[in-house]
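Asker: The structure is given below, and queries will be raised subsequently.
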Amino acid sequence: MSKQKVVVGMSGGVDSSVTAWLLKEQGYDVVGLFMKNWEDDDDSEYCSTRQDWIDVVSVADLIGIDVEAVNFAAEYKDRVFAEFLREYSAGRTPNPDVLCNAEIKFKAFLDHAMSLGAQTIATGHYARVRENNGRFELLKALDHTKDQSYFLHRLNQAQLSKTLFPLGEIPKTRVREIAEQIALPNAKKKDSTGICFIGERPFRDFLNRYLPTKPGPMKTTEGKVVGEHIGLAFYTFGQRKGIGLGGSKDGSGEPWFVAGKDIPSNTLYVAQGHDHPWLLSHTLSAGNTSWVAGEPPADGFACGAKTRYRQADAPCTFSSAGAGEGLFELNFDVAQWAVTPGQSAVLYDGDVCLGGGIIEHAVTGQPATRQPQKAALLTAR
């Protein structure tokens, strides 16, 4: 009987390398595929593509598998990066890794793998897939400290049915041990962090290459002008560093945080203190939804939710009634800090990831007289 063919997305990192080795050991016919998703900085000090490809080839030679490279840069720019810029231009803070998984790694890559005759694909993500009564569920990794289901919540039944996540069953420490034991050439390579196409470069410098500055007033939540911002796109809700008010003696003396943006007037609002009312939200609304099972939870469903990666699940209640077409609301038991439009609100039932949506608006503790201004900003597209 022929072996089942699986195409593994290999990045040159330890996780995807160990994934390929584990599947080879389990008897799969493994083929490695290196995805090149960005071309603008091939000669930049921040671009590691060449070294990553060298590492992929070295690992493939060691474990005895074929490997090829495929260029998805055009698809990435059209499906992911263009949306990234649109969202920042609208004053929101997107998460391109979520969109990259749904559109590139589990769509363009999956389609390419199927064209090679593969039955399944695999990646080095820390998550799990389980079949339950004919439906496929996306679960958190057993190692919750490394769980990446938040970034995978937009995957659908067709994608999950053809996906393997071997690392979801083992802790990260064991992955590193395996890499050392089998003498992977990249065993000591550091994990990648941050947005893939930005790398280690200063984020504001990168964004300024594509979006112009647009200075405007920086005001306190009481309306007092305390400075000038360089453009709303260059700030995110809850931001503390890089505001330019570190030495300000105004107010309470506590640190300043970005507390809001008003798009029509090009105003950036700042507040003092981590727990300022403008930074706390009991309720959010989200749109552009995607549900793993193909349908949303029932109204009134009690679940947990993350509004950012590495956040503990926050108890809340789900509702779609009255939220607007294609929208849902979450009402949290405890106020959440810096719920940011453009980020993903992802729902969980224990370890099962249900899906989620893109945050449109969060109701904060600011005075009611200012709520319309805040709402206009947060729902601006």
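Backbone N, Cα and C atoms are what each Cβ position is placed from, and that goes for glycine too.
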Asker: What does Swiss-Prot list, out of Met35, Met218, as binding the same ATP as Gly9, Met10, Ser11, Gly12, Gly13, Val14, Asp15, Ser16, Gly124?
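Answerer: The record-listed residue among the candidates is Met35.
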Asker: Using a 10 Å cut-off on Cβ-Cβ distances across all protein chains shown, tell me which of the recorded positions (Met35, Cys100) has the largest neighbour count.
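Answerer: Ranked by Cβ atoms within 10 Å, first place goes to Cys100.
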Asker: Among all the protein chains here, how many other CB atoms are within 10 A of the CB of Asp15 (ATP binding site)?
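Answerer: Result for Asp15 (ATP binding site): 23 neighbouring Cβ atoms inside 10 Å.
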Asker: Just to be sure I understand the packing, how many Cβ atoms besides its own are within 10 Å of the Cβ of Gly9 (ATP binding site)?
Answerer: 23
Asker: Nearest of the recorded positions to Gly13 (ATP binding site) by CA-CA distance, picking from Cys100, His125, Gln343?
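Answerer: It is His125, whose Cα lies nearest.
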Asker: Rounded to the nearest Å, what's the C-alpha distance separating Ser11 (ATP binding site) and His125 (site 'Interaction with tRNA')? Just drop the number here, would you?
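Answerer: Cα of Ser11 (ATP binding site) to Cα of His125 (site 'Interaction with tRNA') measures 11 Å after rounding.
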Asker: Between the recorded positions Gly9, Asp15, Cys100, which lies closest to His125 (site 'Interaction with tRNA'), Cα to Cα?
Answerer: Asp15
Asker: Rounded to an integer, what is the Cα-Cα distance in Å between Cys100 (active site, nucleophile) and Met35 (ATP binding site)?
Answerer: 12
